[in-house]
Amino acid sequence: MSATTNILVVGIGGQGVMTATEILAEAAIALGHDAKKTEVAGMAQRGGVVSSHLRFGDRVLSPQITPGSADVLLGFESAEAMRWQHMLRKGGITLMNTARLVPPVVELGLFEYPADPLGEIRKTGNKVVAFDATTIAEELGDIRLGNTVMLGAIADHLPFGAEILLDCVLKRFARKGEKLLELNRRAFAAGRAAVGAAEAALA
Amino acid sequence: MAAVMPAPAASRLLLSGNEAVARAVWEAGVKVAAAYPGTPATEMLEVVATYPDLYAEWSVNEKVSLEVAIGAAYAGSRAFCCMKHVGMNVAADALMTLTLTGVCGGLVIAVADDVGLSSSQNEQDSRYWGRFAHVPVLEPADSQEAYAMTLAAYELSERFQVPVILRMTTRINHVKSLVTVGERVAHAGPGFRKDPARFVMVPGNAGKRIPLMFQRDRDLRALAETSPLNVIEPGRDRRVGFITSGPAYMHVKEAFPEAPVLKLGFSHPAPFARCRELAALVDQVVVVEEVEPLLETELKAQGLAVVGKEILPLQGELSPAVLRPAIARLLGETLPENAVSGASTVALPVFPRPPTMCVACPHLGVYYTLSQVRNLNISGDIGCYTLGAGHPWNALDTCVSMGASMGIALGMDKGRGEADKDKRVVAVIGDSTFLHMGMQGLLDMVYNKGNVTVLLLDNRAVGMTGGQDNPGNGRDIHGDDAPRIDFAKLVSALGVRDERIHVVNPYELPVLFKTIREEVKVPEVSVIITDQPCVLIKDYHKLKPYAVSDDKCTGCGNCVDVGCPAIHVTRRGKEVKASGREVDLAFVRIDSSVCTGCGLCLQPCAPKAIEHYVPSAPIQFASRGGCQA
C-alpha cells in the first residue's frame, strides 16, 4: 500500500456507514497514524447515497480520496459498491455486502436496479469479494450486527492487525454488557470468515 | 442532554471541525452561545450545549441568535454564534450595525458555507461578509486549526473590539481529524457599561463610528501582515506559487507538495505585502479559493499578476483532482488520464438515489393528499417537506428561502394571470420554519386579504437537521421542559379567523383530503395544522407493522403513490380494462421489519390487501438466501 491508506466505505443513509468509518479511523489513530475522515453525505439521513472517506498515514493533507486511488472499497449495499468503482486504484479491492436496497425511484419504475452488480464490478477487472452480511447478522439474531460483520469483513485487508479493529469495535459496546460484546465478537469473526471463505473460493 | 465531563487538557481527540470549535468555545470561557440549526453548522451548538459552565440556546432564527450573542458581548462576556451560510443573510441586519458599535466581550461568528450544496438551496461565499461588514475573517484548514483559530478569534475580537467571522466549509465542519485540546480559562465579564454614543446607533452617533471602523480595517491589515496565521512555505518548485486558504490549502499541498504556498489563516483584511513576497519567489501565482474570486480580485486591483478563476471552477468544491489538470494546462503539460494509478475513473452508470421521506413520515399523508387534489399551485419552504417536490408526489412548486412560502404564495395569488384564474394557491411550511421567518409572512397575508390555504406541518422538531428541539415542542436545547407554543392560538393571534383554522391528523387521509378540498374553495386565508410528530424523535410511538396479503393484492399500485420507502414492488404487469384501456399493474410487499404501522398505505388500497403483519414462525434465523431482496 502507498504511504497514505485510502479506505472508501459506501452505502445508504441509516446503514451505519459513517459509524463504521469512524471506528476504522479510531483503529488507525490507536496505532499512531494521522487520520482524516470525511463524507459526501448530503441529506443522507433520508435514504440518500453515503460515501465516507478515510485516509490515514504519517500525515494526511486533503481529506478526500482522489478518484482512482482508493485501496479498499467497503460496500454496505450492492448498487452502491458498483456506483463508486471509479474510486478504486488499480489493484484495489471491493468487499461488498450482496444486500439490495431498492429506492422509491426504482419502485416507481423510473429507473432500473442493475440486475447483477457483482457481475458489473467483475467486468471492470477490479478484484471483488461478495458476501451476505445482512443474512449473517440475521443468523446471529440481530440485523443491527451487520455493521460489525462489515468491519470484520475488512479486517484482513488493512495494513494493521484485525485485533486492533476488533478492540475499537468492542469499545463502543463496553458498557452494554457481556452478551452484546460476545455477539459483536461473533459478528466480527463471521465477517472475517465470510470474506476469507469467498477469497479461498476465488483462488 | 446532561453536561458531560469534558476530556482533559492535552487529550488527542478525533473531532469534526464543529466539535473542535465547540471545545474551543468552552475553553475560551464563553458565557453565552446561540444558534439556529442548519447543515453543516448544527453540531457546533449541539456540542457546545453539552459543556458545563455556559448558557446555550436554540434561537428561533439566526438574527435573534446573533442579537443574543451581541447582548452578551455588550455585557462584557464572551459570546458565540454559529450558522450556515444562508443564516448569515438573516443575521446580516444586526451584523452591519454591530460592526459600528463593536463588542466588549469577544464575539465569534462561525459561518459554515455549504460549498457543493450537499444540503442547501444555494452556494454562497461568506468571506464577502468580512468585506461588507468590515470585520476580520479567519479560515481554518482542518479541525486542529478550527480549534486554535477559535481561541485566536476571541483574542483578536477583544483586542480590536470587533466581531470576528470564523469562515468554515462543509469540508471543515464535517471532517474528523486529530485535535490536541487544552485547558478552559474562565473569563469574567465586567457587566454592561452604559455608553449611548457607542451603543445607541442613531445617525448622529453612528456617523461618528464609521471613521473608527475604517481605521480598524487599516490596523487589522497591518496585523495580518505579521500574523502567524499567515505563513509562506517556500517550496522548491518555483514555477507556480499558490495563495490559498481554508480546505483548499490541503488540496494544494496534496497536489503540489513542492510548490511555494502562502497559506492565509487570517484572510481578511488580506496581507498584500505577504502576497507580493510570495509572488517574488515564483514565475506565476495562482489564487486557489472556494468559491468566489475575492482575494484574486483584490490582488489584481493591487496590480499583482495572479491567475485564479480563469483556470479554476467558480462553483463547487476544489480537490486535488480539480487542481492537478488545471495547473498542468497552465504549465502547458499533459497529464496522463489518471495521474494517480492508471485506474479507470469513469463511473459505472447506476440509478440516482435521492433522499426520501422516512417510513411512516407524517408528511407522506400530506403530499399524497396534495398530489390527489387538482388545480393547485403549491408554494413550498425549507425542511424535510421540501422533498414533496420529488417522486411520487410532485406536489411542491417552489422553494426559495426560510419562510418564503408565505410571501410567495401571496404574490402568486395577487399576481395571478388569466391562465391561473381557477388555480388555488397553497403554501406548505414546517413548524420550525414558520417560527423562524414564516409568521411575518402569514401576518402580511392576513393583513392584505390574501386567498391562500396554508398547511402548517407541525412535526415538533427541526427535522431535516436531525430533530432539534424548538418552541413548538416544549423542550429546550438540553431536552428540558420549556414553554410550548400553541400554533392554533398563534395563527389566530396573527389574524386568521378561527373558522379557518383546522388541526388535522395527517394519518387520517379522508379528513385531510376533505379539509384541504373545502379550504382551498374559501377565498381567504385558511390554516390547516397537521399535528403528528417526526418519526425520528422520542414523541413518535411505533404501532404494529403491516404486510400485504399476496392473494388479495390486485396490483392497483395506489399504495405506491403514498411514497413510503417500506413499500416495494415485487412484480409488474398489464391489464386490459373492459373499456379497452391498458393499465400498468404493480404488485407489492411491505418490508414489515421497518414498517411502523402508520396505516397510510392501507387507506387507498382498493382490495383491502394490507393487513397487520403476523410472524409466520420463529424464522428470524432464516437460512441464507431466505432473505428477500
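Here the Cβ of each residue, glycine as well, is placed from N, Cα and C on the backbone.
Automated prediction, rather than curation, is the source of TrEMBL annotations.
Secondary structure from DSSP puts B:Cys605 ([4Fe-4S] cluster 1 binding site) in coil. All chains included, 20 other C-beta atoms sit within 10 angstroms of the C-beta of B:Cys605 ([4Fe-4S] cluster 1 binding site). Feature annotation from TrEMBL assigns [4Fe-4S] cluster 1 binding site to B:Cys553, B:Cys556, B:Cys559, B:Cys605.
Taking the Cβ of B:Cys601 ([4Fe-4S] cluster 2 binding site) as reference, residues of its chain lying under 8 Å away and at least six apart in sequence are, in sequence order, B:Tyr546, B:Cys559, B:Val562, B:Cys564, B:Ile567, B:Ile590, B:Ile610. Look at TrEMBL and you will find B:Cys564, B:Cys595, B:Cys598, B:Cys601 tagged as [4Fe-4S] cluster 2 binding site.
Counting same-chain residues at least six beyond the ends of the domain '4Fe-4S ferredoxin-type' (B:544-575), those with a Cβ under 8 angstroms from any Cβ of the stretch are 356-361, 364-365, 367-368, 371, 391-393, 582-602, 604-614. The domain '4Fe-4S ferredoxin-type' annotation in TrEMBL covers B:544-575 (among others).
Taken from TrEMBL, the feature domain '4Fe-4S ferredoxin-type' covers B:586-616 (among others). Mean predicted confidence for the domain '4Fe-4S ferredoxin-type' (B:586-616): the pLDDT average there is 94.
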Can you name the far-off residues of the same chain, 6+ from the ends of the domain '4Fe-4S ferredoxin-type' (B:586-616), with a Cβ under 8 Å from a Cβ of it?
359-360, 362, 364-365, 368, 507, 509-510, 535, 540, 542-550, 552-562, 564-573, 628
What whole-number Å value do you get for the CA-CA distance of B:Cys598 ([4Fe-4S] cluster 2 binding site) and B:Cys605 ([4Fe-4S] cluster 1 binding site)?
14
Fewest C-beta neighbours within 10 angstroms among the binding-site residues B:Cys556, B:Cys598 belongs to B:Cys556
Here the Cα-Cα span from B:Cys605 ([4Fe-4S] cluster 1 binding site) to B:Cys595 ([4Fe-4S] cluster 2 binding site), rounded to a whole number of angstrom, reaches 16
DSSP-assigned states of the domain '4Fe-4S ferredoxin-type' (B:544-575) in counts, ordered helix, strand, coil
4 helix, 12 strand, 16 coil
Quick check: which same-chain residues outside B:Cys564, B:Cys595, B:Cys598, B:Cys601 lie with their CB within 8 A of the centre of the [4Fe-4S] cluster 2 site CB atoms?
B:Val359, B:Ala360, B:Leu364, B:Tyr546, B:Val562, B:Ala566, B:Ile567, B:Ile590, B:Thr596, B:Gly597, B:Gly599, B:Leu600
Count of other CB atoms lying within 10 Å of the CB belonging to B:Cys559 ([4Fe-4S] cluster 1 binding site):
25
Based on Cβ atoms within 10 Å, give me the single least packed residue among the binding-site residues B:Cys553, B:Cys564, B:Cys595.
B:Cys553
Other residues, Cβ within 8 Å of B:Cys553, B:Cys556, B:Cys559, B:Cys605 Cβ centroid ([4Fe-4S] cluster 1 site):
B:Val548, B:Thr554, B:Gly555, B:Gly557, B:Asn558, B:Val588, B:Cys601, B:Pro604, B:Ala606, B:Pro607, B:Ala609, B:Ile610
